[in-house]
């Protein structure tokens, strides 16, 4: 069975048992009344069952309801169909004030019907010939308004300075100021020029997201013809069906696939309604993607440390044990489905490098947009500063240093021999984002 953990807030006067049974019925075989065609099928075989209800600590009217769904309810290899049932009409049910899907346990038999990520972590490292450290990226800013040639120039400077990747912003598709084909051509030129100068393999996440699946595939095919290593998709706004098709194309044609999660906070940020990001991350691992943005813990966007580390384990590891202290409600066995590299992006800079290295480990992408392009000397020195800071943090971690305690000292020491890093340290020494997270663990 597929197991689901729902956070249920019933309307006043509705007992939790009734609310849990309603969730199980409405998201599987049930409707609002008894119908004569019920007698033509084996309801006991197909109906969802609410098998456990727990009160939420510290809340008077919230419950975690556990529901089991028979596997025969779902089409094989279709995240779209799975979500249509489990998070469909039931979320508008009048008997509930709010409903949130906290976690899913996907059985191994169902996992095996999915291709999953096009390549996975090890294959990506082998393609790039980069080992033993996080990868470095940069989102090109301003996100909208640059011409294709200026955009390509910004990519080249960042890649030449030492970054592994540059990135289209999620809302860069094919607008009047920069059509997609022009951007792809100038970015490919930037990649090849930077590779020739540095001797390293470089990439730019070319955003293939489009208004139709046919147009999306046309962009992916053009990227492959240019010989670039990686493309990108906005998987929530683009949709799971489009994403799965693109992931299959990427595996067949040797392209890495970077996934952006634009729109996720509409779904996952409120604590009592919607869907926790760990569910979206599991769905992405099944649908397919080699990278996905997972929060930073230390940057400008929402993300509590323990919850974020729970996402990261679910994305990368083959087997993840139940651990309620990190928001993981079920043990998940991925049966060798390739892993997804978590991407930390949003309001991060060189002072965050030791903390990011300690939190995310080697198998991650650390992405500095403003933290590269905001360098007072330009894009290439900004990239140099990030590469030096990463090298210093990775060397200190390998030598057994405590990055959480000694991080600032490590960066200060490295800045003594890197003027680019010293300038970056001076610019961002006062920048902090100190706000309480909205989506927190139950105490």
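Glycine is no exception: its Cβ is also placed from the backbone N, Cα and C atoms.
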Site co-member for substrate according to Swiss-Prot, given 89, 139, 143, 261, 345, out of 204, 293 | 293
Distance from residue 89 (substrate binding site) back to residue 169 (Mg(2+) binding site), taken between C-alpha atoms, in Å = 32
Within the same chain, the residues at least 6 apart in sequence whose Cβ is under 8 angstroms from that of residue 293 (substrate binding site) are 259, 260, 261, 342, 343, 344, 345, 346
Can you tell which of the recorded positions 141, 167, 170 lies nearest to residue 89 (substrate binding site) in space, using Cα positions?
-> 170
Check each residue in the chain of residue 139 (substrate binding site) that is at least six apart in sequence and keep those whose C-beta is under 8 Å from its C-beta; list them in sequence order.
-> 166, 167, 168, 169, 345, 367, 369
If you measure residue 141 (active site, proton acceptor) to residue 170 (Mg(2+) binding site) at Cα, how many Å is it?
-> 11
Roughly how many angstrom lie between the C-alpha atoms of residue 170 (Mg(2+) binding site) and residue 143 (substrate binding site)?
-> 8
